[in-house]
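Asker: Structure below; questions to follow.
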Amino acid sequence: MSDYKNTLNLPETGFPMRGDLAKREPEMLSRWYKEGLYQAIRQAKSGKKTFILHDGPPYANGNIHIGHSVNKILKDIIIKSKGLSGFDSPYIPGWDCHGLPIELKVEQIVGKPGEKVSAAQFREECRKYAYEQIEAQKKDFIRLGVLGDWDKPYLTMDYKTEANTIRALARIIANGHLLKGAKPVHWCTACGSSLAEAEVEYYDKTSPSIDVRFRAVDSNAVAAKFGVVTDKPISLVIWTTTPWTLPANRAIALNGEFNYALVSFDDECVILAADLVEHVMKRIGVTDWAVLGECKGSDLELLRFNHPFMGFDVPAILGDHVTLDAGTGAVHTAPGHGPDDFVIGQKYGLEVANPVGPNGCYLPNTYPTLDGVFVFKANDVIVELLKEKGALLHHEAMQHSYPCCWRHKTPVIFRATPQWFIGMDKNGLRQQSLKEIKGVKWIPDWGQARIESMVENRPDWCISRQRTWGTPMSLFVHKETQEPHPRTLELMEEVAKRVEVSGIQAWWDLDIRELLGDEADDYMKTPDTLDVWFDSGSTHSTVVDARPEFHGNSADLYLEGSDQHRGWFMSSLMISTAIKGKAPYREVLTHGFTVDGQGRKMSKSIGNTVSPQDVMNKLGADILRLWVASTDYTGEIAVSDEILKRSADTYRRIRNTARFFLANLNGFDPAKHQVKPEEMVILDRWAVGRAKAAQEDILKHYENYDFHNVIQRLMQFCSVEMGSFYLDIIKDRQYTAKSDSVARRSCQTALYHIIEALVRWMAPIMSFTADEIWAQLPGERAKFVFTQEWYTDLFGLEASETLNDEYWAELLAVRSEVNKVLEQARTDKQLRGSLEAAVTLYADKALAEKLNALGNELRFVLLTSQATVADIHDAPENALASDMAGLKIVLSKAQGEKCPRCWHYATDIGQVAEHADLCGRCVTNVAGNGEERKFA
């Protein structure tokens, strides 16, 4: 018996079965950098239509976590897919560099500014620290396989960006959106600074819940409003969980539309919202009471009530913000300690009292027992004071959600301070922003309603901060009036020019006389810095408008976590609308937060965090990228060892499919060996057509940012259409046909076209593996797949052909039925492999006609040694019914002997003396012109 191994076309490739990604990926990254991959992409895409994804800058502090990885990988998938779609899509990564977290870190190292180091030295240390953090984060982002201009990222602390941020503020001033005034802002006593809305988080806190009497100055006049006469004292009762704000009380708000009741019990009368009387009486433990009369809230407007301990009286005022959700229907109003209170206070001309210092302690001369006391400690003092004065109606502890500093996790207060604001309503900014929101595509679409409601309800934006490390507001204000200099815009440009050369320190080093000359004695420099959300929110102007690679185009897409509706999406919208009158983006895409396999938030204390560095070092970045792409990122994104293991399994299946393609392209030169479509075996054309259909779906999914559907379609193509059908069938032809025959070259032509498309589908997601496949593909080609576009040479079967896609879909179904019978026979130990079988298909007329169309090649599709078609009416009793109408199956042992070369059973073995042990087909392939295949 001869050894025919050398006559077979055995698969061979340098593409290894195991990815070994953790080891190989860093080597690839090194090559990408040395060979200038990002620059090569820029060059290849030069002059194409731009697509700009503007990077929301992560904060330059700490290691990257799994959430950062999700964000950067999603952005990279989009950038790469847009490049393949023929766009010039530069990616300029950025970092947010100013602000409190860095100050706090630097304070731990060098102390507070003005103590051991000067403010200038402190800023320099902050800059140095930010650079160190950026370098560390940059390495991890690059390791993820994210391509971008890492040598020239944008930093909000770049001198030019700092200067452009000042210019952005100047444009807002020019458009009339800047306001100044003492307004209540979120204030962190630990930071000693105001906080942006996005820097406030809510946690449960226990507070005193108190009902307080404000006695009527003239009880008779009040009783008359209710149409009654009484000699009992009358009080208007307020309910609050912040007793510490009572020293700043300047009014009591009622709702003009509500009915209020005068309720008598014991030796007093109280005024309560009529709908809340029973609820309040139950809360304060009073069972015997009577309603003497009712009136509208509007009837009580401007009646006066005595403050319980401050020695003055306050008016009853009307406001729509008063609800019946809780309390008494009367709201204690302190314009210096709350935005609603402030707004209504402005309407009634109330004093904006602020008796609290920046450290959270009462200022001198507030009240004898309160001066110097920290506000949250003062709650107990005030409760006792109210008891003494006979003003405390009820007191209990209550747990509720309370605003806290995102950094310190400590409760914040509302505190009126002199600040600068972007006015939401001064020049129509709110209305224009709401109009702009409607012109943006929000993905998912619920993002639109979310940001609309935030814009509708948000207060003026306080953009000033009392910090050391930040972009200076760069205003010169009059020492007496605090009004900005008449030449403010011109002066700000002068400051910006200096900052562009020397950084923000130029502002603090600036001698006021240098710019103001003789006016210097009347003016002072504002000490305030800009809110860091202004820094990042103005990057559409300071970066996108300024970078040459964007060619003056605005951003197409912003992509961040769903918390950024109130953060970066909001600040960017406000600033862009204030400067340009339009939104800074055309599309906004949000992703959810990462949770563990059980849906719990990631937490170091629970110990359920997943480190991207660990995943990359163990499994490789392509597995991490595949996990991100496989997840519907619009909701919560679950990650665990088990979930990553599933991604690794998916990866292996895709890799093995690619390896099969490459191994079977051994010896194929597309320039010499391609078979024309019309001369190809029909099944091969079908396979290329399946790739064409898959590509249409995949490109649509990429365009819609539906990456989990890209992976599902890719897996369906690799595992079902290719793996369990086409690749199974072609092994025989690929391995046993004459090496240079049309039968084999047709198959290789199909494999070549398909892998050219497949490697491109993979490239945005499994970037390292796609690069590895690209290097193994036959034929002349560019150095990198990432400089290419989607493959355009796919073709398929025409619908008008007899053996069209519909035909092959039916054949697939027949094969599936045959496979079930073969599988059962294997289980029953009747046969070991399908080639030991002969199959007879008893079919109805229509199906029989289709099956007979393949002639002798039907057996290759069914992977049996023999296949016969017969009339269903002739089916014997032992024929197995199938799930297909009009088909019964009989399985028997194949006739003849097993050919040692192709392993098929044949009755013509030994008919050629020189190859006595071969079947006739193999003799033709070894010694003749090679078998002909037309269908399969």
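In case you wondered, yes, glycine gets a Cβ from its N, Cα and C as well.
Here's the feature list from Swiss-Prot:
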BINDING   Glu560  L-isoleucyl-5'-AMP binding site
BINDING   Lys604  ATP binding site
BINDING   Cys899, Cys902, Cys919, Cys922  Zn(2+) binding site
MOTIF     58-68  motif ''HIGH' region'
MOTIF     601-605  motif ''KMSKS' region'
Asker: For Glu560 (L-isoleucyl-5'-AMP binding site), list the number of other Cβ atoms lying within 10 Å of its Cβ atom.
Answerer: 20
Asker: For the binding-site residues listed here (Cys902, Cys919, Cys922), which one has the lowest count of neighbouring CB atoms within 10 Å of its own CB?
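Answerer: Across Cys902, Cys919, Cys922, these binding-site residues, the one with fewest Cβ atoms within 10 Å is Cys902.
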Asker: What does DSSP assign Lys604 (ATP binding site), in three states?
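Answerer: Note: Lys604 (ATP binding site) is coil by DSSP, not helix or strand.
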Asker: What does DSSP assign Glu560 (L-isoleucyl-5'-AMP binding site), in three states?
Answerer: strand
Asker: May I ask which residues of the same chain, at least 6 positions away in sequence, place their Cβ under 8 angstroms from the Cβ of Cys899 (Zn(2+) binding site)?
Answerer: Tyr905, Ala906, Ile909, Asp917, Leu918, Cys919, Arg921, Cys922
Asker: Starting from the Cβ centroid of Cys899, Cys902, Cys919, Cys922, the recorded Zn(2+) site, name every other residue in that chain with its Cβ within 8 Å, sequence order please.
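Answerer: After dropping the recorded site residues, what remains is Thr736, Pro900, Arg901, Trp903, His904, Ala906, Ile909, Leu918, Gly920, Arg921, Val923.
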Asker: DSSP helix, strand and coil counts for the motif ''HIGH' region' (58-68)?
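Answerer: Across the motif ''HIGH' region' (58-68), DSSP assigns the residues as follows: 3 helix, 1 strand, 7 coil.
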Asker: Distance check, please: Cα of Cys902 (Zn(2+) binding site) against Cα of Glu560 (L-isoleucyl-5'-AMP binding site), rounded to an integer number of angstrom.
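Answerer: The separation of the Cα atoms works out to 56 Å.
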Asker: Summarise the model's confidence over the motif ''KMSKS' region' (601-605) as a mean pLDDT value.
Answerer: 77
Asker: Among all protein chains shown, how many Cβ atoms are found within 10 Å of the Cβ of the residue listed as 'ATP binding site', not counting that one?
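Answerer: The residue listed as 'ATP binding site': 7 neighbouring Cβ atoms within 10 Å.
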Asker: Going by DSSP, give the three-state secondary structure for Cys922 (Zn(2+) binding site).
Answerer: helix
Asker: Calculate the distance in Å between the alpha carbons (Cα) of Lys604 (ATP binding site) and Glu560 (L-isoleucyl-5'-AMP binding site), and round it to a whole number.
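Answerer: So the alpha carbons of Lys604 (ATP binding site) and Glu560 (L-isoleucyl-5'-AMP binding site) sit roughly 23 Å from each other.
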